[in-house]
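Database features, via TrEMBL:
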{"type": "ACT_SITE", "residues": "Cys377", "note": "active site, nucleophile"}
{"type": "ACT_SITE", "residues": "Cys380", "note": "active site"}
{"type": "BINDING", "residues": "Arg172, Thr174, Trp185, Ser248, His251, Arg280", "note": "FAD binding site"}
{"type": "DISULFID", "residues": "Cys101-Cys106", "note": "disulfide bond"}
{"type": "DISULFID", "residues": "Cys143-Cys315", "note": "disulfide bond"}
{"type": "DISULFID", "residues": "Cys377-Cys380", "note": "disulfide bond"}
{"type": "SIGNAL", "residues": "1-23", "note": "signal peptide"}
Amino acid sequence: MQNPLLFIIASFLLFLTRVFILASNLPLEQSRVEILLDKTADQNYCIPSGMSDDCCKFETVEKINNDLTPRLRELIKTCFFKYYKLRLYKECPFWKEYGQCVNQACAVETTDETNISEIWRSDVLGALQTAQAGTLFQPFKKCEYTDQDFCVVEDEADSEGVFVNLLDNPERFTGYAGPSASRVWKSIYEENCFNIVPHMVPANNNNFATSPTSKSQLGSILQNVVQSDAIDNEEVCLEKRVYYRLISGLHSSISIHICDEFLNKTTGQWGPNLECFVDRVGSHPERLQNVYFNYIFLLRAISKAADYLTGYEFCTGDKIQDSQVKTMVSELVNAARSCPETFDEKQMFASPGSRLLKEEFKAKFRNVSRIMDCVGCDKCRLWGKIQISGLGTALKVLFSYDDEYFNPKVNPNLLTRTEIVALFNTFNRFSESLVAIERFRRMYQESIHGNIEQINNEEPSKLEVRIYLKPFLLLNRILIK
């Protein structure tokens, strides 16, 4: 009787281990990566509708994005939106930066001004500025921002600025990492995030987050803040939570682009890296939520500025192209405006005495825009500065002006060309992040089915080896950082 009993026990242990493999040891843990779950499953994951507890599904935002993405991709290919001028090689104002990236992928290809429309060149813009300012013009006392600005604004009249064709310098993996990159994000999170980071990240976060039960809801992202007993509710106010989610969402979106345009050093091919995505973003549901939040935040800013943007004169020196760009912007803006409202900015900075908080909010975000000059990789610095400027422009639209200001005839210079270019290119970056999330979701599902098939088809002897070794190998790879 001993042999059958041992056989039953061994079979039972084999079954349990096999279940463990399917539940935990597949490349990505399905039960713990919320956004990658099969959409056909009975799940109801949400993102916020305004500041209320009402939710709309992730799928709703993705449907909006599926409509807007083709329009955005075409728009950023136009001359008006593909050329961006900035001070790319500005000195880091906070520390001596020696962490230059030596990888060729870090390099930025600049464009000579002779290839740019004459009306954008620094000598022309500089002459116009001098004429408008008259005898009181003081070039050495030029301010980097106005009271309405939430970030340092790039000046196209700056003779030290360089033009960059953004299409020739895609945001992708460059190999930039180590102390230099860590110092940048450490400075942003620890010194410029209102000291609330520990209260915004789930306390039990162990690189994976347990999925909610069937039909559960994530609730409003803005209200979902993990707070310790020691912290007063008023300290982690709505404005501070929004600030953090903008920074976290930007960081996560950048990581998605890096993983989606990843260099396979073996083959020399660029393509999506699923393991990179899960490690950096996919296994952290709050980071994914913040990407979606940034998207609807930018969508709301574009909708609010709709009248201004549709009436804006997109001048490139080519009347036919200018007319085409104006039509494309109008169609995109009208599509964005037709979407349900997802964010109510009027609930921020609305309480008595919030003026000081608003100024502190601006000061910290301006600091973040300055920290971008400390990034040691040229291409990373380029896209960091553009996207911070894009978010800063959205903040300016939502919190510096009431609706009546967005009349292009009354206030034709409310936004500069660089701000508009940054706003739409940043919106496109988050749009592409949502597309990438869908792509990684499909890759994950294929990986799941492929692994199940492989396990089912394996010979018992090979399966035994995997049963004993794989749990330890995988835990070593995932948990030991």
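Placement of Cβ uses the backbone N, Cα and C atoms for every residue, glycine included.
Worth saying up front: this structure is predicted, and the values here are computed from it rather than measured.
In this structure the C-alpha atoms belonging to Trp185 (FAD binding site) and Cys143 (disulfide bond) are separated by 26 Å. Distance from the CA of Cys315 (disulfide bond) to the CA of Thr174 (FAD binding site) is 34 Å. Restricting the recorded positions Cys106, Arg172, Ser248, His251, Arg280, Cys315 to those with a CA within 10 Å of the CA of Cys380 (active site) leaves Cys106, Arg172, listed by sequence position.
Across the residues annotated as binding FAD (Arg172, Thr174, Trp185, Ser248, His251, Arg280), the two Cα atoms farthest apart lie 21 Å from each other. Among the recorded positions listed here, namely Cys106, Cys143, Cys315, Cys377, Cys377 has its C-alpha nearest to that of His251 (FAD binding site).
Closest to Cys377 (active site, nucleophile) by Cα-Cα distance, out of the recorded positions Cys106, Ser248, Cys315, is Cys106. Counting only same-chain residues at least 6 apart in sequence, those with a Cβ under 8 Å from the Cβ of Arg280 (FAD binding site) are Ser252, Ser255, Ile256, Ile258, Cys259. If you compare Cα positions, Arg172 (FAD binding site) sits closest to Cys106 out of the disulfide-bonded residues Cys106, Cys143, Cys315. When the recorded positions Cys143, Cys377 are compared by the number of other CB atoms within 10 angstroms of each CB, Cys143 has the fewest. Less than 8 angstroms from the CB of Cys315 (disulfide bond) sit Ser117, Ile119, Asp322, each of them six or more residues away in the same chain. Counting other C-beta atoms within 10 Å of each candidate's C-beta, the recorded positions Cys106, Cys380 are led by Cys380. Cβ environment of Ser248 (FAD binding site): Met200, Glu286, Arg287, Asn290 lie under 8 Å away, each six or more residues apart in the same chain. Cα of Cys106 (disulfide bond) to Cα of Cys143 (disulfide bond): a span of 30 Å.
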